[in-house]
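Following: one structure in structure tokens, then a few remarks.
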Amino acid sequence: MSHHGGHHHQHGHDHHGSMAAHDHANPVDANRSHFDEQAATYDSRHGKLLERLTAELRSRLDFIGVDWDDEDEDKGGNGGNGNSAEPKDAQAQAENNKKKKQVRLLDYACGTGMMSRALAPYVTRCVGIDLSENMVAEYNASARNQGLAPDEMHAVVGDLADADRPDVLPGPEFRDFDLVAVGGGFHHFADPELAAVRLVERLRPGGVLLIWDFKPHGHSEGRGRGRGGEDEGDGEGDGGFLGPARHTIVHHGFTEERIRAIYEKAGAGTNLKIAELGAGFLFGNGHDVVDKEKARRSVFLARGEKAA
């Protein structure tokens with residue numbers, strides 16, 4: 001996920017305003033420039049992390065609670081036996097989808113598209129939005145490489161959380177989504193509360209807002225520590241906690257109380273559920289130079305529905 005992906009990841013970008021705690025007066029520009037630079041090598045550098053997050057998401061389809069498109073072998077507790085990768089014939093899958101109900105995903109702060117690729121087998125259309133032109137280009141190149149047409153998976157440049165521009169991307173193709181997902185992006189947003197409000201506006205009634213992000217430092221339950229580092233080498237991680245990305249971080253994790261408040265204020269508090277994905281996600285701690293010190297972060301997954 002750009003942070004994209006979460007980590008970054010794709011992800012994440014600051015969205016508006018200046019933060020006194022930051023060296024950069026404009027976090028949006030800081031995010032855009034950083035992720036523009038990281039786009040071309042993002043997936044290759046964070047492969048293990050992206051694979052793990054994809055598996056975690058696919059194992060929780062019931063928790064996410066969308067009326068998924070694919071109810072056959074691809075849907076299972078672990079994403080299916082051997083089918084957890086992209087559909088073997090993407091074009092055949094796409095043709096099949098056109099005959100079925102529509103399940104539309106908005107992947108916000110999409111980065112290279114980790115969230116879209118993870119959930120693509122279960123939806124009929126993925127729409128990505130990101131601040132970074134280069135991340136959007138990588139997202140679209142990846143979709144083309146999978147044989148997917150723009151009406152199946154496509155991203156555009158945009159900032160839905162600009163306080164001065166509430167009318168960004170007004171077209172019907174950017175509204176009434178069944179699922180809006182943000183993978184590792186919220187800790188980059190200057191105003192997460194505003195971002196959530198704007199994203200819920202893009203949901204259909206009953207649609208789901210899905211977020212994964214970090215718990216605050218020190219909120220880990222300790223699981224995964226000392227376990228030989230399955231994610232070693234992922235460095236700044238999806239969220240870019242290390243090195244050049246640290247100046248794009250606005251929030252160093254979210255408590256469950258704050259996430260609940262964000263969902264409630266945004267109008268997506270119906271059937272709100274929050275789960276911990278685990279504490280073994282390796283990211284830099286955002287303060288030290290690369291490889292000097294690393295921290296295993298607890299990652300949560302939250303979902304709530306817009307009132308029907």
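All residue numbers here begin at 1 and follow the chain in the order shown.
Here the Cβ of each residue, glycine as well, is placed from N, Cα and C on the backbone.
TrEMBL labels come from automatic prediction, so no person has curated them.
Lifted from TrEMBL, the feature list:
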| type | residues | note |
| --- | --- | --- |
| COMPBIAS | 1-14 | compositional bias 'Basic residues' |
| COMPBIAS | 15-29 | compositional bias 'Basic and acidic residues' |
| COMPBIAS | 220-230 | compositional bias 'Basic and acidic residues' |
| DOMAIN | 106-211 | domain 'Methyltransferase type 11' |
| REGION | 1-29 | region 'Disordered' |
| REGION | 68-100 | region 'Disordered' |
| REGION | 220-242 | region 'Disordered' |
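In the domain 'Methyltransferase type 11' (106-211), helix, strand and coil residues by DSSP number 38 helix, 30 strand, 38 coil. Across the domain 'Methyltransferase type 11' (106-211), the prediction's mean pLDDT works out to 96.
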